[in-house]
């Protein structure tokens, strides 16, 4: 099996990328002229793009070396993939030997391993589903009846009876049946808790969170779960319900999941968050003492920010690119994945359990039927986002489109799926969603005060300037803006201004959350329905197989926010971080503002 090159080899390759000798390795179609300035080179299949950088900038040099090592590590791999129990086989050498970037390959189930759920690996969990010797390739079946997923809070008695029958039948299956509740939960655990090594890069685990794989993986996972339920009651029209948590009428946990005698019930949920309690889409581990109307206002403003003003392009909505050979570090989640998806997991999970089971930890989340209703609404957000106009379209990068997953279908057979199989659910997967109002579309956050009053509250002595820094209390930093001027409407459409919080490092087996405010009063922070609240970083506990801490980033679109605050002409912004959940140290590596198309 091919592996990533050793650190020594990496160093040798990295030294080549900043010299003219590197050009001898390039294909004829990719000519590269290098000046005396170092270049930041990004290889994509048959082309290489470079940006000149100043050799004096040590940060840029470090970033260049990391990127060069990553890309050249992929070159060393030469696209040799060893398949599932030998069935994929070793592929021939790629006819494009300089294709540094590749889609994530389906896992070799025979290499699956237990995932850690405590720091240091003192406790592990078996996540590995059954290994099979035959794999089908997924093909859309257009003969399947079109199914409509209903809002869970308003299903009919007839529908509920079918759903309970199907869920009871799944629970009754033997634990080793790949269609059983036990094995279906393991599928999620294995992909989300580091149980699968990447084929060809055994030191790197597959992780479908914190990246552009989040939406398509869960869409296909739901599809097969739904098909299994339908087959168990011999009803091909059966569709899962969605938890309508983006609208006030759907904020509480749907009643159909709260009957202890029902197969839809799970005993491991937060007892303080049962109906009629409204979900807190920015939940930070403690229950805020706010009235019902404030909760509604904040939830709707969060939805507007995560779907509209903060998610204007695919990069922000889907999250960071994730290719074969990539480590599960230096990534960032998409807007909906980060919040409210992660918050709801933590809000539902039982805080009296050791690891906040079931929903509060990814290894156990699939054991709760409510998980699937939650993710149906996450999936519904993908559908809705693409109707909001502008640049809100699916990714066209083939490394996303050709990423592959393995699932078990309604016939207990193993199926290989690609992301491109999931883009048009009504046509390819034969389901849609029951329409529901979208009140958040009309709940744009507003500023609470002027910029002058805000900035006057923060003295220079209160600002943190040295990074990396430990985030153990409220921290404020001044971040320079590279283009301090009012931009035209066209310029704002062409380039979104981004605040990037870099190298957020923490213990990945624990929950983490901190809030981000911009130009806010350092003594009295604003509510979450105000423009000063820029968003949050939220992490759900997940197992892993590596001893290293989790490292990631947070990327926030702030163009509309700065306009609301009247801060477009400012040369800098004040960023305040407020930790909400952290049982172990959180380290922040630094801040940066840049522009993205």
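From the backbone N, Cα and C atoms, a Cβ is placed for every residue, glycine too.
Automated prediction, rather than curation, is the source of TrEMBL annotations.
Look at TrEMBL and you will find 112-128, 127-189 tagged as disulfide bond. Per TrEMBL, Cu cation A binding site is recorded for 188, 209, 218. As annotated by TrEMBL, domain 'Tyrosinase copper-binding' applies to 209-226, 368-379. Annotation source TrEMBL lists Cu cation B binding site at 341, 345, 375.
Overlay of TrEMBL annotations on the structure.
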| residue | record | Cβ neighbours (10 Å) |
| --- | --- | --- |
| 112 | disulfide bond | 18 |
| 127 | disulfide bond | 25 |
| 128 | disulfide bond | 19 |
| 188 | Cu cation A binding site | 24 |
| 189 | disulfide bond | 28 |
| 209 | Cu cation A binding site | 26 |
| 218 | Cu cation A binding site | 26 |
| 341 | Cu cation B binding site | 25 |
| 345 | Cu cation B binding site | 25 |
| 375 | Cu cation B binding site | 24 |
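Report note: the Cu cation A site is defined by 188, 209, 218, and the residues of the same chain whose CB lies within 8 Å of the CB centroid of those residues, excluding them, are 191, 192, 208, 214, 217, 221, 362, 365, 375. Closest to residue 218 (Cu cation A binding site) in space, going by CA atoms and restricting to the recorded positions 112, 128, 341, 345, 375, is 375. A Cα-Cα distance of 12 Å separates residue 209 (Cu cation A binding site) from residue 189 (disulfide bond). Other residues of the same chain near the Cu cation B site, with their Cβ within 8 Å of the Cβ centroid of 341, 345, 375, are 218, 337, 342, 344, 365, 371, 374, 378, 540. Among residues of the same chain six or more beyond the domain 'Tyrosinase copper-binding' (368-379), those with a C-beta under 8 A of the stretch's C-beta atoms are 149, 152, 167, 188, 215, 218-219, 221-222, 225, 240-246, 253-254, 257, 263-266, 268-269, 336-337, 341, 344-345, 348, 358-359, 425, 433. Per-class residue totals from DSSP over the domain 'Tyrosinase copper-binding' (368-379), listed helix then strand then coil: 11 helix, 0 strand, 1 coil.
Candidate recorded positions: 112, 127, 128, 188, 189. Nearest to residue 375 (Cu cation B binding site) by Cα distance: 188.
With DSSP classes pooled into helix, strand and coil, the tally for the domain 'Tyrosinase copper-binding' (209-226) is 13 helix, 0 strand, 5 coil.
Averaged across the domain 'Tyrosinase copper-binding' (209-226), the predicted model reaches a pLDDT of 96.
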